[in-house]
Amino acid sequence: MWRLPRALCVHAAKTSKLSGPWSRPAAFMSTLLINQPQYAWLKELGLREENEGVYNGSWGGRGEVITTYCPANNEPIARVRQASVADYEETVKKAREAWKIWADIPAPKRGEIVRQIGDALREKIQVLGSLVSLEMGKILVEGVGEVQEYVDICDYAVGLSRMIGGPILPSERSGHALIEQWNPVGLVGIITAFNFPVAVYGWNNAIAMICGNVCLWKGAPTTSLISVAVTKIIAKVLEDNKLPGAICSLTCGGADIGTAMAKDERVNLLSFTGSTQVGKQVGLMVQERFGRSLLELGGNNAIIAFEDADLSLVVPSALFAAVGTAGQRCTTARRLFIHESIHDEVVNRLKKAYAQIRVGNPWDPNVLYGPLHTKQAVSMFLGAVEEAKKEGGTVVYGGKVMDRPGNYVEPTIVTGLGHDASIAHTETFAPILYVFKFKNEEEVFAWNNEVKQGLSSSIFTKDLGRIFRWLGPKGSDCGIVNVNIPTSGAEIGGAFGGEKHTGGGRESGSDAWKQYMRRSTCTINYSKDLPLAQGIKFQ
């Protein structure tokens, strides 16, 4: 994920007005978007000029008031009052009390509550997706799709609520049963990043809930309105079912709240999505108290196109993986390795495809490419482009800031770098694609694996043997290993996460539910004898 200067803040809330030829008069800038007629739909989500950013059964907040901005024009949307440390303490206590009620509810009935949450999200999918587009900056279809991911994981969790459980194992002693018992860990803290302000919370929240846990969420400060809106939807479901709202608590805040969560022994599992740099600090703080952490950190993902690749698949896949969400996905393709025999043709096709990308306001349904999330991200983009040039790279497409309001940069292609160039080994959260030539399978598999991160990877080939070598022990060392599809766009049915400096955590489908539970091995003697294990006699 995107590197940040302040630990656990995930990214800082913007406070200054946009400078430049498109600056608006102060009187206009003082008008929040939520008060303008074209944004009246925000109030359908229960939002207003100033919103309370703490929920633990009731709404409140005694911390700093921040303003969130629209990345497409850098105009203020609305304000959110963040949590103070005292708010955090109160919320944790209420969440722990709520757990005593929630843990006693049978898992299938917990699944019914999660089903209702999914249905409530369905009802608000368009308006909530529009808020994601407005506050985060991703295009509308991606904003709606992100809410759909939360809906989908709710559906998945409902089914899982009737299936979670451990096996009965054969005992070596007659008259004995050996059972694996799974119980909820208790309180799950969830710290999410700006780039997926709905879906990542959903992956964690839905599964954690059916496992019998309560959740405490700290979203990114710059997407605080999304955190508030989602929590309002969930809170209504809980309140309608006469359940404690603190089952799904919210504490909007920055580094102080994130640090408190990481150090708090009452937080039994902390799920953190963010940069590798900050994730290391989180991991150390949690490990120092022997807690559990689920880390989903950086990705420096590669696509490999072999000489037998279907170029009608390679080009659109590389395009979507590199510029989707303006290069701000953790699964964004940042490195493209092309066999030397097809390198020039693929680069030329990519340049033509890049020239056809429709740029504009992200909530316009015809737009495919929106802004970066903050002005800081624009600066990081420019710094990376200059560093690539210094290291011998050639910008063959893009490389500049767009002359328009908002945080828009040109999607960029860089060729000519060495595979081991330091900038190519640095995750820059921006739409920059580094393109390399390779000669053979052995070297390119090694190049894929030589970066510190290990999230997502993909090859394009028709060679069945090569596919299985790619999937095997000497192939990709990533958590997501694809064939003939992009590096981005994971489905909820599979466990999501990566290896090495990506953190090793897994969210969403498969058996990721086990991370939200603790396992006990239970031996039950239902005989009248007392045989010891391994045939030991102790008389």
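Backbone N, Cα and C define each Cβ position, glycine as well.
What Swiss-Prot says about this protein:
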- Glu296: active site, proton acceptor (ACT_SITE)
- Cys330: active site, nucleophile (ACT_SITE)
- Thr192, Ala193, Phe194, Lys218, Gly258, Thr259, Gly274, Ser275, Glu296, Leu297, Glu427: NAD(+) binding site (BINDING)
- Thr331, Gly489, Ala490: (S)-2-amino-6-oxohexanoate binding site (BINDING)
- Lys94: N6-acetyllysine (MOD_RES)
- Lys94: N6-succinyllysine (MOD_RES)
- Lys462: N6-acetyllysine (MOD_RES)
- Lys500: N6-acetyllysine (MOD_RES)
- Lys537: N6-succinyllysine (MOD_RES)
- Asn195: site 'Transition state stabilizer' (SITE)
- 1-26: transit peptide (TRANSIT)
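Within 10 Å of Gly274 (NAD(+) binding site), counting C-alpha to C-alpha distances, fall the following of the recorded positions Glu296, Cys330, Lys537: Glu296, Cys330.
If you take the Cα of Lys94 (N6-acetyllysine) and the Cα of Lys462 (N6-acetyllysine), they are about 56 angstrom apart, rounded to a whole number. DSSP assigns Lys500 (N6-acetyllysine) to a strand segment in the three-state reduction. DSSP assigns Lys94 (N6-acetyllysine) to a helix. Using a 10 angstroms CA-CA radius around Glu296 (active site, proton acceptor), the recorded positions that qualify from Asn195, Cys330, Thr331, Glu427 are Cys330.
All protein chains shown were included, and the count of other CB atoms within 10 Å of the CB of Ala490 ((S)-2-amino-6-oxohexanoate binding site) stands at 24. Per Cα geometry, Cys330 is the residue among the recorded positions Cys330, Gly489, Ala490, Lys500, Lys537 nearest to Thr192 (NAD(+) binding site). The Cβ neighbour count for Thr192 (NAD(+) binding site), using a 10 Å radius and every protein chain shown, is 28. Each of the binding-site residues Gly258, Gly489 was scored by how many other Cβ atoms lie within 10 Å of its Cβ, and the smallest score goes to Gly489.
Between the farthest pair of Cα atoms in the (S)-2-amino-6-oxohexanoate binding residues (Thr331, Gly489, Ala490), the distance is 9 Å. For the recorded positions Asn195, Thr331, the largest tally of other C-beta atoms within 10 A is found at Asn195. For the modified residues Lys94, Lys462, Lys500, Lys537, counting C-beta atoms within 10 A of each C-beta gives the highest total at Lys94. Counting in whole angstrom, Asn195 (site 'Transition state stabilizer') lies 21 from Lys500 (N6-acetyllysine) by their C-alpha atoms. Neighbour count (other Cβ atoms within 10 Å of the Cβ, all protein chains): 32 for Cys330 (active site, nucleophile). Taking the recorded positions Glu296, Glu427 in turn and counting surrounding C-beta atoms within 10 angstroms, the largest count is reached at Glu296.
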